[in-house]
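Notes to accompany the following structure.
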Amino acid sequence: MIALSAIVVSSMLGGGVFSLPQNTAATSAVGPVIIAWVIAGIGIYFIANSFRLLSNLRPDLKAGVYMYAQEGFGSFIGFNVAWGYWLMTAFGNVAFAVILMDTFDQFFPGVFTDGNNLNSILCGSVLIWAYNFLVLSGTKVAGFVNTVGTIAKLVPLLLFVLLLGIFINYSQLFNNFWGMAPQVVVVSANNHPEPVSLISQIFAPMTVTLWSFIGVEGAVVLSGRAKNKKDVGKATLLGFLLALIIYMLMSILPFGTMTQSELAQVSNPSTAGVLAHLIGPWGEWLMNIGLIISVLAGWLAWTMLCAEIPMVAGEQGAFPRAFARTNKKQAATVSLWISSLIMQAAMLLVYFSGNAWTTMYNISALMVVPAYITTTLYMAKICLNREYDQYMKQGRTLALISGLLGAIFCLFILYASQIQYVASVPLLLTCGLPLFIWSRKEKGAQQSILERKEYFYLAILLLMDIIVIGLLVKGWISF
């Protein structure tokens, strides 16, 4: 259970946690930030609880993130969830690379500028393939390294919270609590002389909160390798609660040391800038080193998750059979190599991005929504059709509430997110169709490429693509 909990915590507490002070203050004052985290915490709790319940109810569904969708809504939906989740983990690793290189630039000024110059691309590429070979050595070795890394990165985070708790200025914390005072409010790096509405300030950091919680399902993804299936649910809930406490403290306490405008303009990783403001240069070094450890540990956890989904999908026939291949140490081979190639391609594209970190974490955050919404809807479905009663004799009503509210939260996230990133989701899902057709053709003449209801799902996906392309042509959205 310790290793599974470490996977959950490490998957969530990646490099992004070190940028929370600036990422949240850039759009919101402390009051709206607190409300945003409360909403996110409640919503993610229902999602995490759905994963916990389903892991106990259906331990036979290995790598449940994909299997829950297929079991509840068919092979086409299951494939798209697996494909989208796979891309999410790959893009998430590239986001790790960007912020890691940007942190290296603090130690070697001008060498890794913005985390996406040529040196950054080369160094990030080396790390992609280093992790590829580490995971090939087997999940036991990788899991041990990840557990040690998780413990190591918690130290600077806890020290950050402790120091801010000691030096906090409460009058500063409650100054302009709701962000409505006539002072400069920074929104997406643009200075606005007028305050932003309370609702807008609550909505603005929602994608940041979702990005922060991605990985809460980490134990479920690796459930096929767990010795005790009951540990999966416990690890999921424990990891979620620990991460929520850390996130809220790291987002709120900095407002007691700097104004919102000052926080919004601190360069990332902003925890380093906050601690430098508070205790001097050694604080900045401490947080930068902590971020490096955090990213390296989180990157390893996500590489393991990235390889697991297509491998299990290959075993179950949703992906081509080649993806199911493993080596003598039971590590995924084909799925890992192709995952690394996707990461490498995305890493090259980062070179042409003006704001690589923001783009990568926004796309990654929204690519996980199909997995979360289908999981919560599957939870609700088995409660409504009373299939739940076949596995457990009590708790059906609470499970139904968990599934429905988790699904509603997913829809709320889409509503609160920037439209250009939401629009990228159907386009990226459509890119996986050739892989779906390949896997169907492997089944032979007895399996048609698309079943009747799958034509309906495909039509909806293509219709969304047409709408997005139309918006792009009209110039109403841009990437």
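Backbone N, Cα and C atoms are what each Cβ position is placed from, and that goes for glycine too.
Whatever TrEMBL says is automated annotation, not expert-curated.
If you look up TrEMBL, you'll see 29-48, 76-99, 119-139, 151-170, 202-223, 235-255, 285-313, 334-354, 360-384, 396-415, 421-439, 455-477 marked as transmembrane segment.
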Checklist line | Close approaches to the transmembrane segment (455-477) from elsewhere in its chain (Cβ under 8 angstroms; 6 or more beyond its ends) | finding: 74, 76-77, 80, 419-420, 423, 426-427, 429-430
Notebook entry, point to check: Considering pairs 6 or more residues apart, do the transmembrane segment (334-354) and the transmembrane segment (76-99) have at least three CB pairs under 8 Å?
Noted result: yes
Notebook entry, point to check: So, do the transmembrane segment (151-170) and the transmembrane segment (76-99) meet, by the test of 3 or more Cβ pairs under 8 Å (sequence gap 6 or more)?
Noted result: no
Item checked: Tertiary contacts of the transmembrane segment (29-48) (same chain, 6+ residues out, Cβ under 8 Å) -> 173-174, 176-180, 185, 198, 201-206, 209-210, 212-213, 216-217, 236-237, 240, 244, 247-248, 251-252, 255, 260, 372, 375-376, 401-403, 405-406, 408-410, 412-413
Note to self: At a C-beta cut-off of under 8 Å, are there same-chain residues at least 6 beyond the transmembrane segment (396-415) that contact it? List them, or none.
What the structure shows: 39, 42-44, 46-47, 49-50, 53, 206-207, 210, 366, 369, 372-373, 375-381, 383-384, 386, 388-389, 422
